[in-house]
Amino acid sequence: PEPPELILDANMAREQHVKAGDTLRLSAVIKGVPFPKVTWKKEDHEVSPKADIEVTGVGSKLEIRNTVHEDGGMYSLTVENPAGSKTVSLIEGLVVKAGTTVRLPAIMRGVPVPTAKWVTDDTEIKPDGKYKIETDNYSTVLTIKDCVRKDTGEYLLTVSNAAGSPPTGIGAPLDSEPTVAKYMFDPPSPPGKPMVYDITENAATVSWTLPKSDGGTPITGYILERREASGKWVRVNKTPILDMKYRVTGLFEGNTYEFRVFAENMVGLSKPSPSSDPIKASRPITPPGPPINPKLKDKTKESADLVWTKPLKDGGSPILGYIVECQKSGTTQWNRINKDELIRQCAFRVPGLIEGNEYKFRIKAVNIVGEGEPRELPETVLAKDILSPPEISLDVTCRDLITVRVGQTIRITGKVKGRPDPEITWSKDGKVLVQEKHVEILHDLPNVELQVKEAKRSDHGKYIIAAKNSCGQAQAFAIVNVLDRPGPCQNLKISYVTKDSCMISWESPVDNGGSEITNYIVEYRQPNQRGWSIVSSDITKRLVKANLVENREYFFRVCAENKIGPGPCIETKTPILAINPIDKPGEPENLHIAEKGKTFVYLKWRRPDYDGGSPNLSYHVERKLKDSDEWERVHKGSIKETHYMVDKCVENKIYQFRVQTKNEAGESNWVKTAEVVVKEDLQKPVLDLKLSGVLTVKAGDTIRIEAGVRGKPQPEIVWAKDKDATDLTRSPRVSIENTSDMSKFVLTKSRRTDGGKYVITATNAAGSFVAYATVIVLDKPGPVRNLKVTDISSDRCTVTWDPPEDDGGCEIQNYILEKCESKRMVWSTFSSSVLTNYAKVTRLIEGNEYIFRVRAENKMGTGPPTETHPIIAKTKYDRPGRPDPPDVTRVSKEEMTVVWNPPEYDGGKSITGYILEKKEKRSLRWVPVTKTPIPERRKKVTNLFPGHEYQFRVSAENEVGLGEPSLPSRPVIAKDPIGKIPLYFSVLFQC
């Protein structure tokens, strides 16, 4: 806590002089924790009741309106809290806070004008930075800046002149006998205590009684004030109230208010009436309205379920509950059903009905005032059971596949309706489910629920709910999938074992765990090891090759994995040994006669796919004559190669040949050729061009063409270019390489002209064969043709051209248009993406000479430019020529008429108007007579200055622009004609 601190306003005078009828205001700043209690007193008594006291979080203010003499006196202010108290009398002195600036004003009179002298602690105060003294003929003011503690004390003012010097200080007061300046009548006495009635949430009516005395003159009206609890009084009416009651509006709901009244006559206001009893602005409370839309929700032979909606109007007080009344058919008496307590909800089950009887029902709402108007059920209710066959509706989450993980709870929920309540059974796979530790069945009709706790993989399947009553039966089902790890794989097999690898195969698990198998994990270990090593953990196929170390034993195991995790492993029972199994090799593949001559046959074959586990393969070759039964070995030992030349054959004899494979395990079966006559064959040449379609190369690249060659005897190969008699072999850029089975053509540093059709001719004694190869050499396009400039005007023109004769072998993509001014010779790009064979060039400068050039562009690059001849940007039309000087007629002191002839040259376009200008003779500046062109050839010029001498000139205008002005007219003085008026005639020539 902090003790109170009280500081009077720094600029408040020590004494307050207030005229009767004015307002007295006293204020002070208050501090303290907690905030002190504030008490105002006048000479140790309570202050007048008409004083308004306002207390805020930082201070307090006392205000007395319409003061009278009795309000004078010594006021004191006391503040106190648990930490202490402090009292200050408002005339004790001026208390200010350190750092405050204080002004002490005084009025002085005297003849002659007195001199002022300020003194404190017997020391005269001199003006300096801290003190400031301002004195004139009638007053003096002492200002003390930034007060500190040592500035505390008494300040005396002495004024003196030749007549004397009375000191100024604080003396004992002397009051005269009270004298009141007033009317011969008195203010009225206070009205009676106000009465408040007809209270709503924002208004109330206040009435009062006549004052006991009207003060001797009629009462002119009443002033009504209100205040919130312990708040400030506020005037309610702007003009005096003539009646003795008033409807006060603008109240705030829930606030508490008091009212008082002043009576007023010609003398003034009375004292306030006693305050009214406090009232609270709130809505008037009435019984509630009737409930809305009562209806029958359900019924049985013994009960009826009623529902309704709360009333639109609660009567200004919350609804406490409802009353339900019943009337038996054939009677007039209404009996209350809920006799002991009110119904809180907008629904109620009426019990105790007798089957077969008819009843009427009505409902009332109740608030703090009492019961409201009843609302009757529109229909009569017959006490009878409602019969309906069962209906089953599973929740939305159960209509599709229900998926849970192992260990979670399977929940199947839904609603079952039917009258009477149906008998419900749950089943799975034809077996009825009953309540047990693993299964919980919850039936709270219409809600039903089946829970299978700690689900196992075997719990997946189709669950059926069946409902049956006397009216029928119904059923529904839900499909449940329980996710688990997959089961073990099946039929693990190890095959194709060699010294460095083997093949591992298996079959999928019988149960995939309710989720698709994502991969398989294959592992191995040696018998002397305990840990397993991974062969592969991301296999999707059911076959994998495992790398082994020669002469070591291995166990293998495999498991399947889904999104839940890996399943159990299946292992090999016995280890396998990493060695190569040796077996007889396979037969040679593709045995054929590659070539034959007069006395030889050249055989070829391919190594067998299966070598029997041994890489050391060799071959035996034998032959026999057609009529012989014996095979003859044609070589010594074994042959390692897969071809053999059988020689020393007899020409024109029929032979058959056979070959077999051999390794350490034995020999394979024989493979035989067909019977063949040994003689030299003639084979017509055949060329196999190693080219599909068209060969396309870039300019500068090498052209390579290959062709396979067959034929007996060996054909002669000739390369030529179609429609070109030049021998290709003479070109230094061409090289041709021929072998027994191939011919290669190479042309380096290709050019655009190297494109075309190449002819390959193979010739031997059996005939000839011709093949063709088409080559396209891509290059930049050639120059554009017929470049022209047309439609030339002052700021634009059109440039047209024809495509290049050679497009470079590929489509022209766009054209690049450039321009340059002849005097600058700096080229700038107008557009680099012109797609047509023309372009409109804009933003030319009239009179400048331009050159244009165009280049074609394809995917290989930009071709050479083609330039135009220089052109000048101008139109074929021109501005009008200069007219003759205009003539001036009909001269007066303020106006003249000016006429003129058209120019001899109109620029090729019709004249659209004229610009007439004027100037005084000595002036250099020409001023237009009108703001717009003049269509005629005469103009009356007005607003001239009399006596001034003027000259005129005219310019013609057409669509191209404004022509040069004419020479000035002769000078003419603006004045009225006197005496004889000379006549001037102008002859106008129409062109």
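For all residues, glycine too, the Cβ spot is worked out from N, Cα and C.
Note that TrEMBL annotation is computational and uncurated.
Sequence annotations record features per position, and here TrEMBL assigns compositional bias 'Basic and acidic residues' to 875-889.
Annotation source TrEMBL lists domain 'Ig-like' at 4-89 (among others). Mean pLDDT, taken over the domain 'Ig-like' (4-89), works out to 79 on the 0 to 100 scale.
Among the features that TrEMBL reports, domain 'Fibronectin type-III' is placed at 190-284 (among others). In terms of DSSP helix, strand and coil, the domain 'Fibronectin type-III' (190-284) has 0 helix, 36 strand, 59 coil.
The domain 'Fibronectin type-III' (290-386): residue composition by secondary structure is 0 helix, 43 strand, 54 coil, according to DSSP. The domain 'Fibronectin type-III' annotation in TrEMBL covers 290-386 (among others).
Annotation source TrEMBL lists domain 'Ig-like' at 390-481 (among others).
Among the features that TrEMBL reports, domain 'Fibronectin type-III' is placed at 488-582 (among others).
For 587-681 (among others), the entry in TrEMBL reads domain 'Fibronectin type-III'.
Counting residues of the domain 'Ig-like' (685-776) by DSSP class, helix then strand then coil, yields 6 helix, 56 strand, 30 coil. The domain 'Ig-like' annotation in TrEMBL covers 685-776 (among others).
According to TrEMBL, the feature domain 'Fibronectin type-III' maps to 783-878 (among others).
Annotated domain 'Fibronectin type-III' per TrEMBL: 882-977 (among others), in sequence order.
Taken from TrEMBL, the feature region 'Disordered' applies to 272-300 (among others). Same-chain residues lying 6 or more positions outside the region 'Disordered' (272-300) and placing a CB less than 8 Å from one of its CB atoms are 49-50, 190-196, 199-204, 206, 208, 225, 229, 251-262, 306-317, 319, 322, 346-347, 361-379, 381-386.
Sequence annotations record features per position, and here TrEMBL assigns region 'Disordered' to 861-889 (among others). Break the region 'Disordered' (861-889) down by DSSP state and the numbers are 0 helix, 9 strand, 20 coil.
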Could you give me three numbers for the domain 'Ig-like' (4-89), the DSSP helix, strand and coil residue counts? 3 helix, 46 strand, 37 coil
